[in-house]
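Asks: Dumping what TrEMBL says about this protein:
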type     : residues      : note
DISULFID : Cys38-Cys279  : disulfide bond
DISULFID : Cys86-Cys101  : disulfide bond
DISULFID : Cys106-Cys112 : disulfide bond
DISULFID : Cys162-Cys268 : disulfide bond
DISULFID : Cys167-Cys251 : disulfide bond
DISULFID : Cys175-Cys214 : disulfide bond
DISULFID : Cys218-Cys227 : disulfide bond
DISULFID : Cys228-Cys238 : disulfide bond
SIGNAL   : 1-26          : signal peptide
Amino acid sequence: MGGIRIASLLLIAGFVWSQATHGAEAAGTTVFTLRNNCTHTIWPATLSGNTAAAVGGGGFELSPNATVSFPAPAGWSGRLWARTGCVAPPATAGAPSRLTCATGDCSGAASCTLGGSPPVTLAEFTLGGADGKDFYDVSLVDGYNVGIGVAATGARVNYSTCGYAGCVGDVNALCPPELQMAASGAVAVAAGGDGATASPAPAPTPATTTTVACRSACEAFGTAEYCCTGAHGGPKTCGPTKYSRLFKAACPAAYSYAYDDPTSTFTCGAGAQYLITFCPGHQ
């Protein structure tokens, strides 16, 4: 289980990197520290957008209250997310490690080389972008599975400009029936906004009514209004909806729809380190 073994290595490395954060700042290296504040195990995943570097090994297991740290190369751009409800199938000799997850699954891989399957909450970064600044955000455009909070840390951080991105509440607890994804993967079927109807799916049974994720209205209904496409394909014609407002209430500093930029994108000067907390509302 190569991908799972990464977890043990990262747990050891986490302490080392935490102690080395000051040195990393001096060297201009960005360190991501991931904290699992959830009451259940998660399997964080990473995906690089502009390099072949798989930061954090692409994915690993993180127990409740555990913390892991790892560096990102200069100029790195990509995303991080949590996978939940993961099970490792029996290993096959010579085959890559596999991991099947209820949410955030990346085509069954333990170490991700593809994005997480929606609905999934994303933390997105571009390090050393325009004017040498870091750009970061938390996005619920692809739906929500686990709350994420991103905070810039370190001696070089100007806290008046390097804002907190992400969630303070649990969207799953507020998710309307027509957007719910139950533990079995079933989606409740109900009338959507403005007369839209969720795509057909088996209704959850009484034994599988736990909501493990909340779909975006775009995924659920597929209309231009919710997907910001067609006649609604720009910031002047695609505005917030009752569903995006629900997401925004739980995650006021996160993207709730595609053009939610003014309150959702954050920048920080070079040299910042980043604490990424899963389930920050449990603090």
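Just so it is clear, glycine is given a Cβ too, placed from its N, Cα and C backbone atoms.
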Asks: In sequence order, which residues at least six apart in the same chain have a CB under 8 Å from the CB of Cys218 (disulfide bond)?
Replies: Val141, Tyr226, Cys227, Cys228
Asks: Find the one among the disulfide-bonded residues Cys86, Cys101, Cys167, Cys238, Cys251 whose C-alpha lies closest to that of Cys279 (disulfide bond).
Replies: Cys167
Asks: Give me the count of other Cβ atoms within 10 A of the Cβ belonging to Cys227 (disulfide bond).
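Replies: Its Cβ shell of radius 10 Å holds 19 other Cβ atoms.
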Asks: Quick one: of Cys162, Cys167, Cys175, Cys214, Cys228, which of the disulfide-bonded residues has the smallest count of other CB atoms within 10 A?
Replies: Cys228
Asks: Fewest neighbouring Cβ atoms within 10 Å: which of the disulfide-bonded residues Cys86, Cys101, Cys251?
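Replies: Per-residue Cβ counts within 10 Å for the disulfide-bonded residues Cys86, Cys101, Cys251 bottom out at Cys86.
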Asks: Measure from the Cβ of Cys279 (disulfide bond) and count the other Cβ atoms within 10 Å, all protein chains considered.
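Replies: I get 21 for this one.
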Asks: Which site among Cys38, Cys106, Cys112, Cys268 has the most other CB atoms no more than 10 Å from its CB, taking these as disulfide-bonded residues?
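Replies: Checking each of Cys38, Cys106, Cys112, Cys268, the winner is Cys112.
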Asks: Might you list, by sequence position, any residue in that chain lying six or more from Cys238 (disulfide bond) with a Cβ less than 8 Å away from its Cβ?
Replies: Glu225, Cys228, His232, Tyr257, Ala258, Tyr259
Asks: Which one is it: of the disulfide-bonded residues Cys38, Cys101, Cys175, Cys251, whose Cα lies the shortest distance from the Cα of Cys112 (disulfide bond)?
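Replies: Nearest listed residue in space: Cys101.
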